[in-house]
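Only one structure is covered here, and it is reproduced in the block below.
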């Protein structure tokens, strides 16, 4: 609708109201799902007490008489010594089980296991991924930030420049959705490493950078779509690779470390390269230093985006190296350990249920045995006529 409103001359005012209402309906439509689920939960009948809660009560009140008798006969001194020895052994176990954070920095676990923060930061896989992300996100972010100046230097009207910015925003979102879905599909179906999807995205970004560098006629429309898509597509791939290769235990910290590639790449490619070359060409065209510089022509961004194209191609090659390093990992059962944890939990739940039934049976059986013994002893007493 942003593109339509910009391109259609004298867009009617009632149409603005209609599109605004449709937009608000789309924004608030997910609340229908929430209300529906809340009503379903509210109207559902209460669930019966589970066996697990009953087992907890039974285990709590069940006492072994032999254990109680033997514990009452133990001398207090020996009990104190025993507690002290147990505490010392526990302290030693804690000391042994908590190694220094620097001890295993260069001995990381297998891919997919939980890395520590330092193990992940000093690993070759993280270094390769970080370099590829700097090259890819840095280049696309440079194009996104300078889209207005690029359109102005290439002679596009202001209405078209505004359209370019809208296209970048729209396709940025589309790239995030498509990259996550498509990479998951090819991974599950064909065992394609997820870093290979990052390689494809970076190669596609090279096409968009080349369109800007050579100033292709009306090529900025396609460039804004391609670069907006590629900029959005890199983020879900980056975070998915981090979670899969380095585990989830410290994912929140590693997530933010991966995001550092954005300002680093933007500073190198946007500020130090594109910005300086733009100012130099503007000064060559007669601009005055210390004032707002305006550059007109293809040469304003040609050299800088040729460099960015080369850097992005380097990032694609680096991500291809990561895909080769992790090919065996992605060919395996990527989510197998999560299913194993679920199966263990289900098995443990079944074992607890069996213990509950055994405890109930033994409790009822013990009561009947004691009743029988009491009855037989009373009969004996009556028989002896004491």
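Quick reminder: no glycine exception, Cβ is built from N, Cα and C everywhere.
Worth saying up front: this structure is predicted, and the values here are computed from it rather than measured.
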The annotated transmembrane segment range in TrEMBL, which must be one of 149-169, 170-190, 254-274: 254-274
Paired segments the transmembrane segment (220-242) and the transmembrane segment (117-141) in contact, 3+ CB pairs under 8 A: yes
Leading contact stretch, 15-35, 117-141, 254-274, 305-324 vs the transmembrane segment (195-214) - CB distance under 8 Å: 305-324
Among 15-35, 117-141, 305-324, stretch most in contact with the transmembrane segment (254-274) (C-beta, under 8 angstroms): 117-141
